[in-house]
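A.B. asks: Before we start, here is the structure in question, set down as structure tokens.
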């Protein structure tokens, strides 16, 4: 039987070799954390390489994602569908082993990591989802949801502000099945961290309410094992402080930043092999080492035991079992489509001139009755974002059966936690803040788009229309930023009907995040036929049309649709042929076929005006260089909203005059 150190050295060898072959990468962290990984993966982690989607598996997140050869080595050695050739293709085009772990490439990768601090935050979301799902479905004698979330993280993760947001909330909510390992190696890219990171990290986490196990030798298997056992037994989230040597095994580069982010070089790898007593050529693992790492039989046994538990649960609680399966499969209720469409039709038949943020709350109220999988929240703005509805019940440390999270003022943390909730499964997460403060959360939304996962954000107070709070709170460029993000759904509805359609599509869209952008001020409901209501889902549609071919097209979104309609009425009265296009979602419109887009925006009608209280430049792709844009080109001002709209040209008079200039 191989020693634990020898089994850990298999990780070190593969990590050295993979980085060397790619001629780029980070060997230091995998070599430093190999002993911890060996103990965790071989003695504690419940997983099944043959079924990486097993619902009750433990989750493992490598928050210090630059050390990706660590997780690739673990997956390969444990028996996942990740071959030695995949490891040889590390960092190569179209490989399953990209430079940072990416969700959806190699089986067993739970989340995309690399932007430091977001992995630990995703893990908080996963642990939160586990605790909530357990509270909703477990019964006495039937602990059907019962798993841990383990995280590796480095000094960089802890320096990032998002780690404070996430770990503070994790302590408050008592996420006892979250166990984090701090790779305390004292090194970052610039060198020894004491010059820029001298926090007392154990005391920091104690202040959060975590269970802290300090000063664990990260190269002592028995000490690591004892720490994990203690962590699992404690009802609080645990930080295991593991003192490690970066690049352990490299005789001349370990303990320095020289091994952090560059290949060791052939000479140093040979020296490391000799130092570690690893006598095998590059990418060669002996059969006995493979045999001791192989987790397939043990994993199949663990999953089979859980399947038997689930069968007993289903026999005792058939309704709950069916509902849990539906939610874990990401399926919507059977009556969803019919009921949701009826809700939208009823809204069109019963006009209400309300703020679209209120329309959003009404949509939550209507759809929420069908969706026990909703897991809502707001970054301390629930009364403003209007994200709570009659069925909302707040999560508390001692009662996790609810469906609403008070995230506090933590926009970035909230959004990345929601990514973890979505990745875990069983929930449709939505969060909220003012549109302006999506800036704090932007990278987590980008990660959701990159991972192709569901993350619904309610962004209210969407323009200068919020008024007196001024330019610090008035978004200008944010809508364009969201729209320009690949695989992001962005909706800015003009009334309660478009708002409900946007919500319906966001709930249905499992492979992308959605930004729902809503107004503070009241908006007039527009008249529509049933066909027009159907066309809302296409992102852009003809709301008002001219008799005969239009000579001018007004394109508007959100609060400016009402303005476009009024201007069109005046121009029509003066004999102009004007079409109004409501375009709540440019990305949805862009996905329509060419025939539909041509029908809405005929290419031979070049007199076009886009009207939106956001950055003007975005709209040239729709109006062309010969068109006009009534939008924002500066930041806003502090003043009542009506004065600001007038000052910045969002008036019927300005639209009419601009149209006449264009048609002259």
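Glycine too: its Cβ is placed from the backbone N, Cα and C atoms.
Sharing the feature lines straight out of Swiss-Prot:
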SITE      26  site 'Important for catalytic activity'
BINDING   26, 260, 357, 384, 461, 469, 520  substrate binding site
BINDING   155, 185, 187  Mg(2+) binding site
SITE      260  site 'Important for catalytic activity'
ACT_SITE  411  active site, proton donor
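What does the local environment look like for each feature on the list?
C.D. replies: Every protein chain shown contributes to the tally, and the Cβ of residue 26 (site 'Important for catalytic activity') ends up with 26 other Cβ atoms within 10 Å. Under the DSSP three-state reduction, residue 26 (site 'Important for catalytic activity') is assigned to coil, being neither helix nor strand.
In three-state terms derived from DSSP, residue 384 (substrate binding site) belongs to a helical segment.
Residues near residue 185 (Mg(2+) binding site) in space but far in sequence (CB under 8 A, at least 6 apart, same chain), listed by position: 28, 29, 32, 154, 155, 243, 244, 245, 246, 255. In three-state terms derived from DSSP, residue 185 (Mg(2+) binding site) belongs to neither a helical nor a strand segment and is classed as coil.
If you take the C-beta of residue 260 (substrate binding site) and look for same-chain residues 6 or more apart in sequence within under 8 angstroms, you find 26, 28, 29, 187, 188, 189, 246, 247.
In sequence order, 379, 433, 437, 438, 440, 441 constitute the residues six or more apart from residue 411 (active site, proton donor) in its chain with CB-CB distances below 8 Å.
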A.B. asks: DSSP three-state call for residue 260 (substrate binding site): helix, strand or coil?
C.D. replies: coil
A.B. asks: How big is the substrate site in terms of the longest C-alpha to C-alpha distance among 26, 260, 357, 384, 461, 469, 520, in angstrom?
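C.D. replies: So the maximum pairwise Cα distance among the substrate binders is 49 Å.
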A.B. asks: Using an 8 Å cut-off from the Cβ centroid of 155, 185, 187, can you name the remaining same-chain residues around the Mg(2+) site, in sequence order?
C.D. replies: 154, 183, 184, 186, 188, 193, 244, 246, 260
A.B. asks: DSSP on residue 411 (active site, proton donor), three-state: which is it?
C.D. replies: helix
A.B. asks: Can you tell me how many other Cβ atoms are located within 10 Å of the Cβ belonging to residue 520 (substrate binding site)?
C.D. replies: 20
